[in-house]
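Enquirer: For reference, the structure I am asking about is given below.
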Amino acid sequence: MFSSLYPLARASLFKMDAEDAHHLTLRALGAAGRTGLACALSARVPDAPRTVMGLTFRNPVGLAAGLDKDGAAIDGLAALGFGFIEVGTVTPRAQPGNPRPRMFRLPQAEALINRMGFNNHGVDQFVKNVQAARYRGILGLNIGKNADTPIERAADDYLYCLERVYPFASYVTINISSPNTKNLRQLQGAGELDALLAALKDKQQRLADLHGKLVPLALKIAPDLDDEQVKAIADTLLRHKIEAVIATNTTLSRAAVQGLPHADEAGGLSGRPVFDASNEVIRKLHAEVGSAVPIIGVGGIFSGDDARAKLAAGASLVQLYTGFIYRGPALVAECVKAIARERAA
């Protein structure tokens with residue numbers, strides 16, 4: 001039902017400020033989930049099970065982190081047919097993020113630019129929201145560092161968040177690739193990443209012993225990487241036996257949107273313009289890690305064919321964000337059906 005109404009809703013939402021529209025939509029989804037009205041949103045999406053990271057996904061099409069930073073609308077989002085949901089990024093302490101305006105639509109390019117800056121209510125409130133959700137599907141919890149934490153102490157923030165979210169996560173994503181937190185992408189450097197992942201894997205094992213379950217770790221990386229950087233990241237993932245990698249986050253490049261309104265705004269660009277760059281990183285990663293580290297492909301998926309292209313490049317699962325905002329819930333079913341047809345052929 002909601003899928004058929006979304007084009008009308010989008011016309012109204014796109015007349016609003018982008019962030020205001022985002023918050024309005026999340027509040028509506030959150031209310032639907034809390035009141036049981038989520039059944040009215042329910043999308044008819046076929047099951048297409050896939051096992052990755054030792055987890056069985058209802059279907060291989062998930063929601064990327066960033067849409068629901070505080071985990072406040074999990075049940076409403078779950079009704080839209082996603083095979084898995086990722087919420088966050090969350091930080092140890094609440095923080096306001098960057099000053100507004102900080103989210104911009106580029107409809108001519110079917111893109112968004114955001115410089116949100118990990119605005120969230122902090123990990124304690126995040127955990128309460130996750131615990132309150134009735135959803136029992138695959139739930140990824142995405143963690144980051146506070147803006148005022150020195151980069152040299154970043155590991156402390158990740159370790160703290162990992163400990164807090166671990167009991168409630170199907171998997172945990174380590175976000176080191178947002179361009180909107182100063183110096184965060186430095187953690188993608190070989191030495192920095194090696195030290196961070198060593199600390200996280202040690203903490204993961206201790207938490208697994210404590211809770212009696214091993215929660216997989218995924219690393220989210222940027223598209224703005226050269227061949228040498230991709231190889232170094234791949235080597236580090238293999239060395240530390242990281243369970244998955246998410247490729248990719250938003251890009252700093254503006255090559256595809258030059259001259260468009262808002263193109264010069266600072267922040268990360270997402271949507272169609274990042275599709276090819278994301279696929280290239282996926283291909284390069286897959287060439288290095290093979291099946292040892294599953295890849296979750298995200299970036300510029302607007303159709304079933306786009307989702308299939310991510311899998312052809314080497315991804316095992318895909319996630320939607322900007323395409324979901326532009327096309328709505330119908331995109332989820334389209335992607336699942338396209339992937340299922342490909343596998344049946």
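Note: Cβ is positioned from N, Cα and C throughout, glycine not excepted.
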Enquirer: Given that Swiss-Prot lists Ala65, Gly66, Leu67, Asp68, Lys69, Thr89, Asn175, Lys220, Thr248, Gly271, Gly300, Tyr321, Thr322 as binding FMN, which residue among Asn142, Asn146 does it place in the same site?
Expert: Asn142
Enquirer: Where among the binding-site residues Gly117, Gly271 do you find the Cβ with the fewest other Cβ atoms within 10 Å?
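Expert: Each of the binding-site residues Gly117, Gly271 was scored by Cβ atoms within 10 Å; lowest is Gly117.
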Enquirer: Quick one: which of these binding-site residues, Arg115, Gly117, Asn175, have their CA within 10 A of Lys220 (FMN binding site)?
Expert: Asn175
Enquirer: Between C-alpha atoms, which of these binding-site residues comes nearest to Lys69 (FMN binding site): Arg115, Gly117, Asn249?
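Expert: With Cα distances computed to Lys69 (FMN binding site), the winner among Arg115, Gly117, Asn249 is Gly117.
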Enquirer: Given the binding-site residues Asn142, Gly271, Tyr321, which lie close to Asn175 (substrate binding site), meaning Cα to Cα within 10 A?
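Expert: Hits: Asn142.
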